[in-house]
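As written in TrEMBL, here are the features:
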type     : residues : note
DOMAIN   : 57-92    : domain 'EF-hand'
TRANSMEM : 151-169  : transmembrane segment
TRANSMEM : 201-226  : transmembrane segment
TRANSMEM : 238-255  : transmembrane segment
TRANSMEM : 261-280  : transmembrane segment
ACT_SITE : S265     : active site, nucleophile
TRANSMEM : 292-315  : transmembrane segment
TRANSMEM : 327-345  : transmembrane segment
ACT_SITE : H330     : active site
TRANSMEM : 357-383  : transmembrane segment
Amino acid sequence: MVNSSPAVAAHAEGEEIEVLESTDVLPVAPEDYDPENSGFISTERFRDLLAAHGSELDPHKLEVLLALADGNADGKICYQDFVNLMSNKRSNSFRRAILQGSRQLRNSALREEVGLGLSRRLVRHVAYETLPREVDRKWYFDSYTYCPPPWLMLAITIAEVVVFMYYGFQLNRWVLQVSSPYFLKGPLPYHPQLRAQAWRYLSYIFMHAGIEHLGLNMAMQLLVGVPLEMVHGALRIGLVYVCGVLAGSLAVSVTDMTAPVVGSSGGVYALVSAHLANVVMNWSGMKCQFKLFRMAMALVCMSVEFGRAVWLRFYPPAFPPCPNPSFVAHLGGVAVGLTLGVVVLQNYEQRLQEQSLFWIFFSVYTLFILCGIFWNIFAYSLLDVKLPPPP
């Protein structure tokens, strides 16, 4: 390992000690491989280092290091790329170095490994479900430890089930709960007359129109959301999910101004549409089994759920003049998934703040949120919208 430059030698040495303690970095003195203290190590010396100490590394991590060495046509490797690799913070330059290398990963594919326990087979299955590059799949397989577990999607799903069961017993109704006169009276669903209660733009996800609504959303949320959270983490998947939820309720308040909103479809559709778009964009690299059939089934489930929502919206309401819940939240979720969601899923282990597309889509999303807020403050009175009475 080497210091990044003479000017930051002290900082680099401190970082080197930290990496040595927290990861399986190769035990070698900087002066042995970078006598000029330039911040770079030649690929020839780097290969010598790997030959001498490679047995101390995870085999998949060794493959990635060799790919890094062969991906640098200028014959040298940056110290920071090496530190990023060993501390699980891979930069864009590091990814380009691997992808542009002429060398293929030496060992057999991750799918061919035998003797794995149930938990490791699950991790391997998730890797093939979500990641299009073998180097990323192997990296994820070596680094994932189930700590923390995919708690966010599970917690949201459990909360939705608990709320649904509570209202099921309260209303004595499990199918089409929305037809009950007390369904919209709680503190959770979005209602245009109560739009000043800002929490309702998010809390509506815990209410569902009936068991058929909850069942489809819960299935897609668990089958797609949990694997995505295992790979990309709760923070990133939570960002996409919450953005889809908020975009859904605001889209309803702008385009379907008299309708209430219930259900987690905005967040679910953001995740599912982002995942399907990522699969299509990396079709040749995605090695999940029966991907065409499974993608068709996912689209069928989304279409059935969306068709149910459209039918319910235009079905004569049980208690006019209040209409049934809107379907526009689904479309808001899809819009978020095809923009912000795709950027997040395309940049596994990369810093989102370095992605120009992320900032473009995030800026557009922020502008939409601000416009939606001003619309809710001023448009209803300016347009003299006739709202249904409060629940």
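Heads up, the Cβ atoms here are built off N, Cα and C, so glycines get one too.
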Completion exercise
Model confidence over the domain 'EF-hand' (57-92), as mean pLDDT, sits at 59
Completion exercise
Taking all protein chains shown into account, the Cβ-based neighbour count within 10 Å for H330 (active site) is 25
Practice task
Go through 151-169, 238-255, 261-280, 357-383 and flag the stretch with the largest number of C-beta pairs under 8 Å relative to the transmembrane segment (201-226).
Solution key: 261-280
Completion exercise
Long-range Cβ contacts under 8 Å made by the transmembrane segment (357-383), restricted to residues 6 or more beyond its ends, are 192, 195, 243, 246-247, 250-251, 253-254, 257, 336, 339-340, 343-344, 347
Handout entry: Contact between the transmembrane segment (327-345) and the transmembrane segment (151-169) (3 or more Cβ pairs under 8 Å, separation 6+)
Key = no
Completion exercise
Spatial neighbours of the transmembrane segment (238-255) not adjacent in sequence (6+ beyond its ends, CB under 8 Å) are 152, 156, 190, 192, 195, 200-202, 204-205, 225, 261, 264-271, 274, 326, 328-333, 335-337, 340-341, 344, 365, 368-369, 372-373, 375-376, 379
Handout entry: Spatial neighbours of S265 (active site, nucleophile) that are distant in sequence (at least 6 apart) but have CB under 8 A
Key = N217, G248, E305, A309, A329, H330, G333
